[in-house]
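Take a look at the structure below.
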């Protein structure tokens with residue numbers, strides 16, 4: 001079945017759909033998608049209207065959706081779904097503090113720092129929209145209408161490429177944040 005702009009829509013969990021790459025964290029799998037209820041709810045809240053887009057359609061679609069951009073850029077260049085990073089280590093997901101636990105956590109820490117710099121420049125990186133395009137697993141930013149759009153795309157682009165080069169440690173998925181140290185590394 002076709003979608004907007006020639007986008008093809010696939011059922012969650014179908015072969016070739018990004019959800020088929022989810023780490024299996026619930027046993028036994030529930031329905032067509034092996035999600036624990038909290039992950040499923042978080043996924044719906046985070047990804048909302050972009051849930052059904054196949055990876056192929058995202059690779060040729062221009063995106064303009066605020067925070068959803070982050071998930072899209074990660075999906076563009078990486079082999080893991082953005083959901084795999086929603087509550088990972090001390091920094092991936094909402095907020096963050098302490099010493100990053102591994103390379104993925106460092107990517108998320110750097111991304112937090114990048115968003116902080118964007119906020120210091122007067123931008124709202126979690127709310128503002130920007131345009132980008134995924135072409136052959138490469139993120140192309142723009143056209144930017146202002147400095148904020150340029151900064152935000154560069155932040156999301158950097159974390160997507162960073163995460164794509166890392167090894168995933170399932171033991172840090174749903175890591176208890178109270179175990180994260182109080183002192184955090186400073187942003188450069």
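Glycine residues also receive a Cβ, built from the backbone N, Cα and C atoms like all the rest.
TrEMBL: automatically predicted annotations, no manual curation.
For the Ca(2+) site, TrEMBL records 91, 93, 95, and the single candidate of 112, 120 listed with them is 112.
Ranked by CA distance from residue 156 (active site), the recorded positions 91, 108, 148 have 108 at the top as the closest.
The CA atom of residue 153 (disulfide bond) is located 11 Å away from the CA atom of residue 111 (active site). Looking only at Cα atoms, residue 107 (disulfide bond) sits nearest to 93 among the recorded positions 93, 95, 123. In this structure, the CA atom of residue 141 (disulfide bond) is 16 Å away from the CA atom of residue 162 (disulfide bond).
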